[in-house]
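*Asks:* This is the feature table in Swiss-Prot:
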type	residues	note
SIGNAL	1-24	signal peptide
DISULFID	Cys48-Cys86	disulfide bond
CARBOHYD	Asn55	N-linked glycosylation site
DISULFID	Cys245-Cys277	disulfide bond
DISULFID	Cys263-Cys289	disulfide bond
CARBOHYD	Asn295	N-linked glycosylation site
CARBOHYD	Asn315	N-linked glycosylation site
CARBOHYD	Asn387	N-linked glycosylation site
DISULFID	Cys462-Cys556	disulfide bond
CARBOHYD	Asn502	N-linked glycosylation site
DISULFID	Cys588-Cys748	disulfide bond
DISULFID	Cys636-Cys681	disulfide bond
REGION	678-709	region 'Bait region'
CARBOHYD	Asn751	N-linked glycosylation site
DISULFID	Cys824-Cys860	disulfide bond
CARBOHYD	Asn846	N-linked glycosylation site
DISULFID	Cys898-Cys1295	disulfide bond
CARBOHYD	Asn968	N-linked glycosylation site
DISULFID	Cys1056-Cys1101	disulfide bond
CARBOHYD	Asn1114	N-linked glycosylation site
CARBOHYD	Asn1285	N-linked glycosylation site
DISULFID	Cys1326-Cys1441	disulfide bond
CARBOHYD	Asn1398	N-linked glycosylation site
Amino acid sequence: MWKNREAQLCLFSVLLAFLPSASLLFGNSKYMVLVPSQLYTETPEKICLHLYHLNETVTVTASLISQRGTRKLFDEPVVDKDLFHCVSFIPRLPSSEEEESLDINIEGAKHKFSKRHVVLVKNKESVVFVQTDKPMYKPGQSVKFRVVSMDKNLYPLKELVQDPKMNRIMQWQDVKTENGLKQLSFSLSAEPIQGPYKIVVLKQSGVKEEHSFTVMEFVLPRFGVDVKVPNAISVYDEIISVTACDRYTYGKPVLGRVKVRLCHGNPSFSSETKSACKEENSQLDNNGCSTQEVNITEFQLKENYLKVRQAFHVNATVTEEGTGMEFGGYGRIEVERTRNKFLFLKADSHFRHGIPFFVKVRLVDIKGDPIPNEQVFIKAQEAGYTNATTTDQHGLAKFSIDTSSISGYSLNIKVYHKEENLCIHSSCTAERHAEAHHTAYAVYSLSKSYIYLDTEAGVLPCNQIHTVQAHFILKGQVLGVLPQIVFHYLVMAQGSILQTGNHTHQVESGAPVQGNFALEIPVEFSMVPMAKMLIYTILPDGEVIADSVKFQVEKCLRNKVHLSFSPSQSLPASQTHMRVTASPQSLCGLRAVDQSVLLLRPEAELSPSLIYDLPGMQDSNFIPRSHHPFEDEDDCLMYQPRDTEELTYSVPYGREKDVYRYVDMGLTAFTNLKIKHPTYCYDLPKEPPRKDPPRKDPEPKDTVVETIRNYFPETWVWDLVTVSSSGVTEVEMTVPDTITEWKAGALCLSNDTGLGLSSVATLQAFQPFFVELTMPYSVIRGEAFTLKATVMNYLPTSLQMTVQLEASPDFTAVPVGNDQDSYCLGANGRHTSSWLVTPKSLGNVNFSVSVEAQQSPEPCGSEVATVPETGRKDTVIKVLIVEPEGIKKEHTFSSLLCASDAELSETLSLLLPPRVVKDSARAHFSVMGDILSSAIKNTQNLIQMPYGCGEQNMVLFAPNIYVLKYLNETQQLTENIKSKALGYLRAGYQRELNYKHKDGSYSAFGDHNGQGQGNTWLTAFVLKSFAQARAFIFIDESHITDAFTWLSKQQKDSGCFRSSGSLFNNAMKGGVDDEITLSAYITMALLESSLPPVVSKALGCLEASWETIEQGRNGSFVYTKALMAYAFTLAGNQEKRNEILKSLDKEAIKEDNSIHWERPQKPMKSEHYLYTPQASSVEVEMSAYVVLARLTAHPAPSPEDLALSTGTIKWLTKQQNSHGGFSSTQDTVVALDALSKYGAATFSKSQKTPSVTVQSSGSFSQKFQVDKSNRLLLQQVSLPDIPGNYTIRVSGEGCVYAQTTLRYNLPLEKQQPAFALKVKTVPLTCNNPKGQNSFQISLEISYTGSRPASNMVIADVKMLSGFIPLKPTVKKLERLEHVSRTEVTTNNVLLYLDQVTNQTLSFSFIIQQDIPVKNLQPAIVKVYDYYETDEVAFAEYSSPCSSDKQNV
């Protein structure tokens, strides 16, 4: 390596300076003390003392002085006349980084010297990094990561995760690693903010380390495109060779076509408007490759070169044969002016008079390959030097320039090939040849003495000896009296002195002191990644002659880690062994990732280079803030004294180099030696002295036999293992079912040898042949589809194959065409077998297809059929959903049954309407011992409705709070339930942040790029829920503060709150004053959040409004009253609470031993019911608020409150659906809060064990026992007789919650719904051939119900069997005014409409055929009010090309 000795003074220079106050009484005695300018605690450091020509015994003392006291490092007498000695010490641990003073005292009988200088003492930083199990994640996946620390004595760390909006979504406090490693994980929500995320590790020092990963929706690619192009071409080239190769992740070539697009333009512009492009198309060959020779003469590279820097951008897109799947690759080509160029391998930044100046260059072509046997010329005008030589086989040319005759301070060198380029203007068309320039500056020495360290280029390998040549020339009048000259050297790395030594040169009388010698330097691990060497000698007159050099050291690790698989190629689902070799007792983190993930998002491979580039691994030399590099008053020669009263200081000028300026070693030095050359100065006005600002803490840096395949992970291995004392550990594991290549790696930490990293190990999961099934996601009973099984043979020989679809009573299957179950499959061939399948059963139907290679006496073509030794049979199982025709209906019958000594019974009749779809009826009976059992089991599935907006998401969040509180209070919380509930809370927290605005508010669909408006009601709901969730999960306090601040700004002088944003549930708009109802809700939320500052004014608003509310007749304001009752209960205003409850009691509906409340003008039901319909959302919500008002009484609810609440709880339980929720979101949240409080208030730990029997009028009977051990268990049985009569009996003592669920389908029939719904397809008929493969669905929707407008409306469009929606055409609907959100699933399209009036709204999108299906049945479109689910309309549509075409 050649030395880059920069001429300018940098902050990392050695500080060799006098302090003005230093006393020097030694005469000819010389001294130098060297110490690192930055010291690290808990790290051995050295201080080196050099005394020269002492004439008496002295005592040398070195001390570190800080605010904590004085610590002596060195205190010894020195008798020797000359001494060079280094002392080791370990700096103590300061509380924080601090500057300390290094005090040097040298004292003898006649002489005394003292000097003090500032050094920095700081804690040794642990080097920390983060590794994730893969670089990108899908929504809902678990993010696994490990924190790795190089410091075995690691202090507590804090990790947090930030999403793209910098929201803190997860946090771990005081994490302690085990042997330097800690693995953590967290789950992403189903709908997280997509984009880049950061894991931030905050170390004790305040320094942050960050690791990024990406969250996005993606489908793993099955193949990747590799584009091979030259790195560069010259302007004289006319052809570019572009090769595109494509292989599956399991290594086999892809068949298909490739399109290459080559664009020429300025690389700084991304837009193609700045580029000219060419396209070439070709077929991939049998190796999956295509090479194209592209003519580029039309781009006129020579003419354009000097106008703009040029480059070519190459994009290759491969289209897979058969599937049409596309994937791309990219390449870039730089355009250079010459066909070749020079690389300087050796050329110092400074020259020394009398010592040869060595130059080494390499001539390379445009690809970077060396060019041998070419003539190279050199010119050095100041030295009067010209020469020529021929490059060797490595393209190298070497020169040695005599510097003796140089009279100036610079040396300009020009190296060129063939001939000099004399024409450099843009108009020149002559070919330019390679040339390179270098300038070196003189090193200053008063005596013209110099030393130069010469070392070869390259990276030094660890654990070897490196030889450095030292060239010197020494002059001076006193040299003749010296018998010998001693050269001293130091080697530093990582800011510490590692090695010292010396070399003695004998001086011959009368001979010039000139020559060279070799120094052998052991290359140690502690020198990685860079070492610095300083050599110096002291002349008798005190002049220091020195040089320094840097060594690049191989980035090696002591802990040698090796990872391998045995065998390295395995069948899916077979056993393999992962073998790890490392230092004994190493803790190793293992990882293996599907190559498909890395194709989609390549990541930097964990390597020694990456580790040594981490913060904390770099040298950071230190210059004290108060120290000016030119402190001495006599440092420069003045041109002329100035007669002025102004203070002046001197500014050095010149580019000569001296010891002071070129020793880039990170040392602080104390010396009375001559180390600087005089510099010429001029004077400038000097500013008055300024005090340094107070010292601040450092700012934190922000700176991868038969097989049945069904297991397809993206990350296969993510484990920690400890290596045994032998240094080898083997882990047996099962290969996943994915046919791919797995990329694996290991990182290990050892207390003895530190960090080690393995190179990438690969395992090919492959079998010689396999089968893939093609089938639709779901069909409707009566439809038929073609099941295709494609078998691929990648063996070099032919196989006799049998393919079999396992028979089942759930479907019939007929082979298509002349397909046979046995056939011959040639080498590298594929074959598809097909069956026409008609499902007969409803529900999930399994299809199992097996292919097997068999022995056969018959030849396959001209070959004998072979049988592979392994992987002879492959079986794939896929599930098809078979649905009944018509519209799904569900009825739930729930009861809270409490028995004492006498048996309690209840009868139930399951009736079916006359036009029920055949075989679609099914029913089950459930028994639970706890009132919340069903909700606990189904907390993420409480209602069968979409969750796509900010308010609906909260039904996935808030109930978990009530469940955890309830189970905690009743001491029923298990680790399993707790883990799930906390996971749901964290996921809901992440999702809700999607709907936050920059001002701290929340709305149903977020800020829409700053266009949306915050919603007052939803913000209060989120604030309350986040505040309550703090007891269970991490909630960033800023989210609560931001919401509270925004709500405070919405409060009026009256104490009421103004409404902001849309209220999608217009029951909130139903009172005499919307603000009263809203204010009651917000007041309640603030009281539940323990945020009182604005509550007193809000309560005043409610009290002032009560008289108006109370005078309302016929229950006009019952919803508002229920909210106010709970708000005053929370505020502790018992008088007002009781007054409101008394008013509510007059308006209660009391029947069948139950109590509830209704609105006076609730919407009419839209259809005739066999059964009493489930109550609407508002009725459930207001009744639940009354229960909360009664049960939150202080200090405890009275017996009367409990008794009245029991009646309402009985009514509420009858409104529950089969999943434990209610009809919509807000009623589910409030009612579950009420049920949990009632359950806690009435919970009994008694050993009562009631039994429940359900019995039909026939022979069916099932008995359930409920006790303490299964209280939370949901026990269930299917009911066989539908229609039928059943009796439910409860005996023993205690309460049970019984629920019967009946489901069936009805054909679509004419009705009078609350919505007018029309559905049509375009084209209408099959005349257009495109209608068979894709067509447009158009919807027309208007509201015909009893209100002026609906609440939020959901339009649910089910897909025809075998069809999928064209996602971009659906997403485009979000641009329309009334469409707030769209969702696309495998089988449905959902449109969220903010509201619908009597004005018709129109929407359309395109669906396309994915898999052909025969006898297509119509698909259903359902439109319904989200909060009044009885307001619903249905329609159906058919494919234009289906038989019995019908659009309703």
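One is the number of the first residue shown, and numbering goes on along the chain from there.
In case you wondered, yes, glycine gets a Cβ from its N, Cα and C as well.
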*Asks:* Other than its own, how many Cβ atoms are within 10 Å of the Cβ belonging to Asn1398 (N-linked glycosylation site)?
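*Replies:* Step by step: centre on the Cβ of Asn1398 (N-linked glycosylation site), count other Cβ atoms within 10 Å, giving 11.
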*Asks:* Using C-alpha positions only, work out which of the recorded positions Cys86, Cys245, Asn751 is nearest to Asn1398 (N-linked glycosylation site).
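*Replies:* For Asn1398 (N-linked glycosylation site), the spatially nearest of the recorded positions is Cys245.
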*Asks:* Which ones are near Cys263 (disulfide bond): of the recorded positions Cys277, Cys748, Asn751, Cys824, Cys898, which have a Cα within 10 Å?
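*Replies:* For Cys263 (disulfide bond), the recorded positions whose Cα atoms are within 10 Å come to Cys277.
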*Asks:* Of the recorded positions Cys48, Asn295, Cys898, Asn968, which sits closest to Asn1285 (N-linked glycosylation site) by Cα distance?
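*Replies:* With Cα distances computed to Asn1285 (N-linked glycosylation site), the winner among Cys48, Asn295, Cys898, Asn968 is Cys898.
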*Asks:* Roughly how many Å separate the Cα of Cys462 (disulfide bond) from that of Cys1101 (disulfide bond), to the nearest whole number?
*Replies:* 79
*Asks:* By a 10 A CB contact count over all chains shown, which of the disulfide-bonded residues listed here is most packed: Cys245, Cys277, Cys556, Cys748, Cys1101?
*Replies:* Cys748
*Asks:* About how far apart, in whole Å, are the alpha carbons (Cα) of Cys1101 (disulfide bond) and Asn846 (N-linked glycosylation site)?
*Replies:* 63
*Asks:* Say you check the Cα of Cys1441 (disulfide bond) against those of the recorded positions Asn295, Cys556, Cys898, Cys1056; which is nearest?
*Replies:* Asn295
*Asks:* Can you check what DSSP calls Asn1285 (N-linked glycosylation site), collapsed to helix, strand or coil?
*Replies:* strand
*Asks:* Quick one: among the glycosylation sites Asn315, Asn387, which has the most Cβ atoms sitting within 10 Å of its own Cβ?
*Replies:* Asn315
*Asks:* Looking at the recorded positions Asn502, Cys748, Cys1056, whose Cα is closest in space to that of Asn968 (N-linked glycosylation site)?
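*Replies:* With Cα distances computed to Asn968 (N-linked glycosylation site), the winner among Asn502, Cys748, Cys1056 is Cys1056.
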*Asks:* I'm trying to understand the geometry here, so how far is the Cα atom of Asn315 (N-linked glycosylation site) from the Cα atom of Cys277 (disulfide bond), in Å to the nearest whole number?
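*Replies:* Spelling it out, the Cα of Asn315 (N-linked glycosylation site) and the Cα of Cys277 (disulfide bond) are 11 Å apart.
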*Asks:* As a test of reading the model: what is the averaged pLDDT for the region 'Bait region' (678-709)?
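*Replies:* Taking every residue of the region 'Bait region' (678-709) together, the mean pLDDT is 39.
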*Asks:* Around Cys289 (disulfide bond), which of the listed recorded positions (Cys245, Asn751, Cys860, Cys898, Cys1056) come within 10 Å, judging by Cα atoms?
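*Replies:* The recorded positions passing the 10 Å Cα test are Cys245.
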*Asks:* Given the recorded positions Asn55, Cys86, Asn387, Asn751, Cys860, find the one whose Cα is closest in space to the Cα of Cys1056 (disulfide bond).
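*Replies:* Of all the candidates listed, Asn751 is nearest in space.
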*Asks:* Near Cys1326 (disulfide bond), how many other Cβ atoms are within 10 Å of its Cβ?
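*Replies:* Its Cβ has 16 other Cβ atoms within 10 Å.
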*Asks:* What is the separation, in Å, between the Cα atoms of Cys556 (disulfide bond) and Cys588 (disulfide bond)?
*Replies:* 18
*Asks:* Reduced to three states, what secondary structure does DSSP give Cys462 (disulfide bond)?
*Replies:* coil
*Asks:* Going by C-alpha distance, which of the recorded positions Asn751, Cys824, Cys898 is nearest to Cys277 (disulfide bond)?
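*Replies:* Ranked by Cα distance from Cys277 (disulfide bond), first place goes to Cys824.
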*Asks:* What is the nearest of the recorded positions Cys48, Cys588, Asn751, Cys1295, Cys1326 to Asn846 (N-linked glycosylation site), using the Cα of each?
*Replies:* Cys1326
*Asks:* For Cys898 (disulfide bond), find which of the recorded positions Cys48, Asn55, Asn387, Asn502 come within 10 Å, Cα to Cα.
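*Replies:* The recorded positions passing the 10 Å Cα test: none.
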